[in-house]
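To start, the structure under review is shown below, and the notes come after it.
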Amino acid sequence: MHNLTLFESGGDNVSCGGSSLGCPNGSSLAPLPLPQPLAVAVPVVYGVICAVGLAGNSAVLYVLLRTPRMKTVTNVFILNLAIADELFTLVLPINIADFLLRRWPFGEVMCKLIVAVDQYNTFSSLYFLAVMSADRYLVVLATAESRRVSGRTYGAARAVSLAVWALVTLVVLPFAVFARLDEEQGRRQCVLVFPQPEAFWWRASRLYTLVLGFAIPVTTICALYTTLLCRLRAIQLDSHAKALDRAKKRVTLLVAAILAVCLLCWTPYHLSTIVALTTDLPQTPLVIGISYFITSLSYANSCLNPFLYAFLDDSFRRSLRQLVSCRSA
């Protein structure tokens, strides 16, 4: 079950090349012949992402949950990002099995669950990054003005995180509703079965993901940082504010790095949605290969964040070393 949006279409007799997520009902489910290098590379790449993601995000969860001094507002949001990434990497082996078997052997309940988790992966990262950007906006602006942010507490951050999960659940619910098993030419697949006219519903689902999963959160993030830069230019920092600004600069850098990596991984995926909606690309080996590359890039976001924490967060590195040394002792 792979989001290969470059050659998805809302019309009939459109194969998804082993990718069932997003295929409309009535589409041809016959497996496309994949080039041998691609047939080998895709499960290997997915397997590496799964292994690295599970190890890295497990380490992040372990450090953030076991170290009292790591219980900060920013780390609450980082913890939830790690939970979302860990959840996705836990089910990635099912995607690998689906790719290798070229059919869905896991039943309809699992089909709906995996589709939902896949969509959680699509929406949750940018939603939490939008919240983290809003938090950075408030903190940096308050620091520049030598004041505190009222109500910015660990408990409030947890409440906001729960609200984000609730919102993402509502957003991904339609995908779980439409997901079901469909069989054609002897192949059972987990697909999104849209009502008639299926072309309309398919396009609506792609626009839904593009707008709610990318355009709105990215626009919000850009607006926050643009407004922040404009306001900072108009403020003269006193010595106390400059000291606080230096102390918080590393956290802001970490959030900006996480955001940059997320956009790098997810922008091609959402741009490919625009291509799929506006063009009718032939299903050539090159197009299929590009589609799998874009999908793999979006999946890779789930395993990259722990490396950012390790390189950019001194507290995380120290806490991880201490916990590892304690367990060794």
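Residue 1 is the first one shown; counting continues down the chain.
Just so it is clear, glycine is given a Cβ too, placed from its N, Cα and C backbone atoms.
The structure displayed is predicted, hence computed values, not measured ones.
Per Swiss-Prot, the feature disulfide bond maps to CYS111-CYS190.
Sequence annotations record features per position, and here Swiss-Prot assigns N-linked glycosylation site to ASN3 (among others) based on sequence analysis.
Swiss-Prot lists ASN13 (among others) with the feature N-linked glycosylation site, giving sequence analysis as the kind of evidence.
Positions annotated as N-linked glycosylation site by Swiss-Prot: ASN25 (among others).
Annotation comment: Swiss-Prot describes 1-43 (among others) as topological domain 'Extracellular'.
As annotated by Swiss-Prot, topological domain 'Cytoplasmic' applies to 65-75 (among others). Tertiary neighbourhood of the topological domain 'Cytoplasmic' (65-75): same-chain residues 132, 135, 152-154, 156-157, 251, 254-255, 315-316, 319, 322-323, selected by CB-CB distance under 8 Å and a gap of 6+ residues from either end.
The feature topological domain 'Extracellular' is assigned by Swiss-Prot to 97-112 (among others).
Remark: secondary structure over the topological domain 'Cytoplasmic' (134-158) totals 16 helix, 0 strand, 9 coil, with classes taken from DSSP. Positions annotated as topological domain 'Cytoplasmic' by Swiss-Prot: 134-158 (among others).
What Swiss-Prot lists as topological domain 'Extracellular' is 180-209 (among others).
Among the features that Swiss-Prot reports, topological domain 'Cytoplasmic' is placed at 231-250 (among others), with the record citing sequence analysis.
What Swiss-Prot records for 272-289 (among others) is topological domain 'Extracellular'.
Residues or ranges marked as topological domain 'Cytoplasmic' by Swiss-Prot: 313-329 (among others).
Swiss-Prot lists 44-64 (among others) with the feature transmembrane segment.
Residues annotated as transmembrane segment in Swiss-Prot, with sequence analysis given as evidence: 76-96 (among others).
What Swiss-Prot lists as transmembrane segment is 113-133 (among others). Within the same chain, residues 1, 3, 21, 74, 77-78, 80-81, 84-85, 87-88, 91, 94-95, 106, 160-161, 164-165, 167-168, 171-173, 175-176, 179, 190, 192, 209, 212-214, 217-218, 220-221, 224-225, 255, 258-259, 262, 266, 269, 298-299, 301-302 sit at least 6 positions outside the transmembrane segment (113-133) and bring their C-beta atoms closer than 8 Å to a C-beta of that stretch.
Taken from Swiss-Prot, the feature transmembrane segment applies to 159-179 (among others), supported by sequence analysis.
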Tertiary contacts of the transmembrane segment (76-96), defined by C-beta under 8 angstroms and 6+ residue spacing from its ends, are 1-2, 43, 46-47, 49-50, 53-54, 57-58, 60-61, 64-65, 106, 110, 113-114, 117-118, 120-121, 124-125, 128-129, 131-132, 135, 154, 157-158, 161, 164-165, 258, 299, 301-303, 305-306, 309
Reading the DSSP string in three states, the entry for CYS111 (disulfide bond) is helix
Take the C-beta pairs under 8 A between the transmembrane segment (44-64) and each of 159-179, 210-230, 290-312. Which stretch has the highest count? 290-312
In this predicted model, what is the average pLDDT of the topological domain 'Cytoplasmic' (313-329)? 70
